[in-house]
Amino acid sequence: MARTKQTARKSTGGKAPRKQLATKAWNTLATATGGVKKPHRFRPGTVALREIRKYQKSTELLIRKLPFQRLVREIAQDFKTDLRFQSSAVAALQEASEAYLVGLFEDTNLCAIHAKRVTIMPKDMQLARRIRGERA
């Protein structure tokens, strides 16, 4: 296919128009070889391990701030109406909550490994909480 010269166009805002040349060439190549090429997929577990390494390195909060703040306000409504929170108080609650959840998931994973499994299940979480003494 002959290449055509691209001319500069005035932008009207929004997304830039995509080039059609590459996709046309790709389609003819795919049909000539006998089908559409499948997208690349990693083996099961590879992406999970990559995410584990990524999140173990990071220190940022994993739960979004506004949904957590809404949850805190919703729970506080049950105890007293018209409560106000300093932003630092919500941040401290979020930090403590995430630390608790990470620890609970670590213990849950140990329970699953003890049962000779790699997949955590609700019964692992129940056992972890029971051993901790949080639930009778």
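Cβ atoms are placed via backbone N, Cα and C, with glycine included.
Swiss-Prot has this to say about the protein:
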- Lys5: N6-methylated lysine (MOD_RES)
- Lys10: N6-acetyllysine (MOD_RES)
- Lys10: N6-methylated lysine (MOD_RES)
- Ser11: phosphoserine (MOD_RES)
- Thr12: phosphothreonine (MOD_RES)
- Lys15: N6-acetyllysine (MOD_RES)
- Lys19: N6-acetyllysine (MOD_RES)
- Lys19: N6-methylated lysine (MOD_RES)
- Lys24: N6-acetyllysine (MOD_RES)
- Lys24: N6-methylated lysine (MOD_RES)
- Lys37: N6-methylated lysine (MOD_RES)
- 1-20: region 'Disordered' (REGION)
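Lys37 (N6-methylated lysine) counts 9 other C-beta atoms within 10 Å of its own C-beta, drawing on all protein chains shown. Classification of Lys37 (N6-methylated lysine) by DSSP places it in coil, neither helical nor stranded.
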